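Enquirer: Pasting a structure below so you can have a look.
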């Protein structure tokens, strides 16, 4: 018997298509082929629309869903961004003329001493008062953010690891519940405003998926699990596109990070529509766009990069690659420590408040984290002029000790606080903090190179830019560093280059960014084989099969193994013989993931434990069928009770021979996103064993 694989477009035999949907248990993989077969059957019996208007609406529900959800998510993002900006600025004071303008966007900012200590001019008292108010606001925001996050397990963290698992077919109940999503919105605003080194990127993807799920339930659309995941995959692009004002980057993020069985062209088209609509609404309606980079990167001869800078850019990529690996290891260490030691909700809240307090004190002393993360990234990416008095600019004619000290302190602060904060029991993303960390490292390298240039301005290397007095673009190193560090942490390349290009318009610096990303990713791939998201999937025990699994099985001894050598044999399985068991017999069956069904000695189908137990509970509650009734998993027969609707039949199962290479079975599970493959004896469908995905 040759290897039997269903075609990728999920064509199935309609005569044996399932007529009823079956429930999925927590963390159970959906049956993709069954879902598509059921969808085809339901469309076959779909009633025609009675009026032209109904027909028009029904035929365009796809567009209505994508556009309406994109607009809603964009409006929600504007609210999140504005409120978090306002609350973050509230720590410094309020605007005199218009209190609704965020503090960092107005020119007439009045600190809190202006209101509380108007009767004194003492500098010490005023600074002490401002510091106390600053700390109190931080603690209040962090406390209420943590309290909201403690209401539900899925409010905390970013959500992207779970999203990767869901879109690969895993069922995670309540992860997209709209009430929980709204609580996450409120908690995210408070947490980001408190100054914790976390971004909105990951949670915004989760929120986007929750909003789209709400519209899927609201509109008269199919509730087919496979089709829902096709729509939900588009929400990934909206979330990232809105977080960085980068629509193309959002589309590419979904392609690089999400492993799914959907056709690439269809996935890209849906994501492109959502990202375009969402970012357009954001740009036109947002009153304060934080991601606003100046004209430092305009294309001109005086601002082009020099050929000898190739090595510094590559060195920066390698440096950020090393730091990215260390960052991932440190973050997972903190997460493991937290899982083992902090299992109490009250302790988790105390942890969040404590880290917020520590970050506020250190940030207030260094002035580096007084700004929000988008504002910090903006300062890193912007160039300095002779008259600039920005935090990251120096007017010293000698060695810029103060600036270097500020950058080193900022790198240490953002690195360790981000590594610890990502994983605390609050919502927060890691992509924006990673850009800030990498940008800080790049800015430090750029400043050092600028010092070297100032001492060697008359050398042959600098003759081509002698008249300009500036050969080194410090901000360009910040951009390259940001992309390199993020590429090392998330194992993304094209996405990071495009997001940075959309942020900065850095056409002339595309090659340096690509060089840095290449070096960082190359070094990272040699040392670790997982991104930070996949590491979190592992420690969270969420089911997920990473793409290109054959690369992980390249060991010669492993690659030559056969399916028969690693399968779970039938002796270790509980097999149902069709037509020989009663409902009572099935109820007494030992707990397993699922049960193969055989008929006339050959494999007939497969039924999951969750759907079977739920059906038995339903029958017991209804009391209409005696549990002494014999069960059949085929069509209804006199004297039998049929459970046909629960069975995934043979034509929808993937069957291999016992001597098939294990690598081939892994590729089948990888490409078709299956929970298991069935091993049969050559020349027949007599069951020999099963290989489950967690076994490989």
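Positions of Cβ are set from backbone N, Cα and C atoms, glycine also.
A TrEMBL annotation is a machine prediction, not a hand-curated record.
These figures come from a predicted structure and were not determined experimentally.
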Enquirer: Given the ranges 161-184, 305-328, 377-400, 545-568, which one is assigned the annotation transmembrane segment in TrEMBL?
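Expert: Going through 161-184, 305-328, 377-400, 545-568 one by one, TrEMBL gives transmembrane segment for 305-328.
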Enquirer: Would you mind telling me which of 453-471, 472-490, 586-604 TrEMBL tags as transmembrane segment?
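Expert: Transmembrane segment, as annotated by TrEMBL, spans 472-490.
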Enquirer: Can you say which of 21-41, 42-62, 63-83 is given as transmembrane segment in TrEMBL?
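Expert: The range carrying the transmembrane segment annotation in TrEMBL is 63-83.
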Enquirer: The transmembrane segment (349-371) vs the transmembrane segment (185-211): three or more C-beta pairs under 8 Å (separation of 6 or more)?
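Expert: Between the transmembrane segment (185-211) and the transmembrane segment (349-371), which are separate recorded stretches, there is contact, as judged by 3 or more close Cβ pairs.
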Enquirer: Most CB pairs under 8 Å with the transmembrane segment (267-285): which of 63-83, 131-149, 430-452?
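Expert: By Cβ pairs under 8 Å, 63-83 leads among 63-83, 131-149, 430-452.
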Enquirer: Could you tell me whether the transmembrane segment (185-211) and the transmembrane segment (231-255) have 3+ CB pairs under 8 A, leaving out pairs under 6 positions apart?
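Expert: With 3 or more qualifying Cβ pairs, these stretches touch.
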Enquirer: Mind checking which residues of the chain, 6+ beyond the ends of the transmembrane segment (497-523), have their Cβ under 8 Å from one of its Cβ atoms?
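Expert: Hits for the transmembrane segment (497-523): 240, 244-249, 252-253, 291, 293, 296-299, 303-305, 309-310, 313-314, 316-318, 320-322, 324-325, 381, 473, 476, 479-485, 487-488, 491.
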Enquirer: When you check the transmembrane segment (472-490) against the transmembrane segment (305-328), do you get at least 3 Cβ pairs under 8 Å, counting only pairs 6 or more apart in sequence?
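Expert: Yes, since the transmembrane segment (472-490) and the transmembrane segment (305-328) share at least 3 Cβ pairs closer than 8 Å, they count as touching.
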